[in-house]
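A.B. asks: Pasting in a structure now, in structure tokens, and then I'll have a few things to ask.
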């Protein structure tokens, strides 16, 4: 009997160890993002400071009990200073928090070995660091969508879509008002089903910022989790999750794991009489087997429940609509047409903002209260359909303060709709080419607009990992936010280059004459230097306050570039300056910007500077600028092809070197810096 009992206990111990090992294994990895916009080198001060920060966050002295802590290392105002935070899920213990943070601190250096900015998410915690201060700063980007594979049945969709947003908004308000910035809530969905929700912000946010952050991520609900029985959106500053099962640590979640009453596992009496004494032995044997087996069954049930939870998390991670670069794919951005109609009051005239590329633009309000700009493409336009798909594919991959943010899209029959962030100050041309409104644009603002556009283009060309050529940069495609910061928009013409690709050819010329580079307008060749040419024209328009097309056949001048060149060689560049800011600008900055613009519009694209070089020229007056060469491309030579006074698009026009007898060097495409 003793041997049997010991054997049973031994087996039970092994089984229990296996269960505990499963339960206490590594944290559940969700996702990580480390954009390569800024990197550090090996043995650099930044790496030393980063290791100090991660060591501090994962040290025994960190504030695991409060589930949130921050650290910094490096001198104040030093570019190598590092800031870091961790946030653990509000329902985990301090021990689980500690283990997760320690694991994440080690893992993030392996997943992001050179990037200065990174965030890594686990089911139990998040670790984030940056070269800029992040404490108290609300950020929803970069973010990740995670969805459950299973869908709600068709007859329940309408009710589910009503219940879920209301539940999440309620729990978001509850979390924002709590000191921990964490809350859970549940709501009855059907007689037999309950929706469980969890939301959380980093505790360093104000109540207002926390609620704003949660409302914004909840806004992604129709795009990330349409009809899904479970899903979540995780961002640097906040997150939400919902499921149709209790996934967080509350009494209702712990109940299935609780052991049954002790009487069910208590050994039966050992003194039952037996005629031959065998009954007693049999009872002992049964007891020796029954006790560990009963406990094992209970623990097996607990293990299955835990594994099911982990499996649900894993399924979510495996089915997320993200590409290998951590960029949200277009599959996660879709709106229902009914939601668009509701947001725009069925596309009422009072909501119309104006006309965009291939359609009209409306102001809309989503169910969470966020104001958006909704671009509705003209129905039946095959060209619009192509540009629509391209715009979604391109813009969904971009994240930069100087690019308009695509929030979603709708494709429903003939309806093709894009949903952008709402930018209150319309576009640059609305101010720049109006005699009264242009006075709002003093030189300081214009200079910041020039710099912002340059940074946005640099991101497209170099830092987005994709090398994107916009091909239609012009004043009407530069939006201005509430602080008059520029945001490049309208990516319907944009093209993505491969890693080693430096140029491309096309017979379908798209864009706007006057902003096109000669090699593109004549030969159909485009590269990053095509956008540099357009940028140069934009800079000249910002300085002069005049449209490029307004110079057509005026005093024998073909275009704005020719007019500027004439005054430049006459050593009278300040005559170009817009009268609206005369006497209120920095002379050296204006002259330098004119000089840079003339370098951008040179005929030979290989002699044009890169956007990287342009920003160096703008920010360092010690850099000597090369002497610009005259552009050989005049708008008046294209009169037979299309009257540039219309400012129209060339999207339906095909051009080759034979159709326009202008002299342009076929080999004038430069080689882009490899990345």
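Glycine too: its Cβ is placed from the backbone N, Cα and C atoms.
Got these off Swiss-Prot a minute ago, pasting:
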type     : residues : note
ACT_SITE : 472      : active site, proton acceptor
CARBOHYD : 36       : N-linked glycosylation site
CARBOHYD : 43       : N-linked glycosylation site
CARBOHYD : 77       : N-linked glycosylation site
CARBOHYD : 106      : N-linked glycosylation site
CARBOHYD : 131      : N-linked glycosylation site
CARBOHYD : 151      : N-linked glycosylation site
CARBOHYD : 161      : N-linked glycosylation site
CARBOHYD : 188      : N-linked glycosylation site
CARBOHYD : 249      : N-linked glycosylation site
CARBOHYD : 281      : N-linked glycosylation site
MOD_RES  : 476      : phosphoserine
TOPO_DOM : 26-281   : topological domain 'Extracellular'
A.B. asks: Under a criterion of Cβ-Cβ distance under 8 Å and sequence separation of at least 6, what residues of the same chain contact residue 131 (N-linked glycosylation site)?
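C.D. replies: Sequence-distant Cβ neighbours: 38, 46, 79, 80, 81, 82, 83, 116, 117.
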A.B. asks: Of the recorded positions 77, 151, 472, 476, which one sits closest to residue 249 (N-linked glycosylation site) when you measure Cα to Cα?
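C.D. replies: Checked the recorded positions 77, 151, 472, 476; minimum Cα distance to residue 249 (N-linked glycosylation site) goes to 151.
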A.B. asks: For the glycosylation sites listed here (43, 106, 188, 249), which one has the lowest count of neighbouring CB atoms within 10 Å of its own CB?
C.D. replies: 43
A.B. asks: Provide the three-state secondary structure of residue 161 (N-linked glycosylation site) computed with DSSP.
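C.D. replies: Residue 161 (N-linked glycosylation site) sits in a helix per DSSP.
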A.B. asks: Need this for a regression test: recorded positions 43, 188, 476, filtered to those with Cα within 10 Å of residue 77 (N-linked glycosylation site). What's left?
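C.D. replies: Qualifying among 43, 188, 476: none.
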A.B. asks: Taking only the Cα atoms, work out how far the residue listed as 'phosphoserine' lies from residue 151 (N-linked glycosylation site), in Å, as a whole number.
C.D. replies: 42
A.B. asks: Could you tell me which of these recorded positions, 77, 151, 161, 476, has the fewest other Cβ atoms within 10 Å of its Cβ?
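C.D. replies: Looking at the recorded positions 77, 151, 161, 476, the Cβ with the fewest others within 10 Å is that of 77.
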A.B. asks: Going by C-alpha distance, which of the recorded positions 161, 188, 472 is nearest to residue 43 (N-linked glycosylation site)?
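C.D. replies: Closest recorded candidate to residue 43 (N-linked glycosylation site) by Cα: 472.
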A.B. asks: So for residue 472 (active site, proton acceptor), how many other CB atoms are inside 10 Å of its CB?
C.D. replies: 26
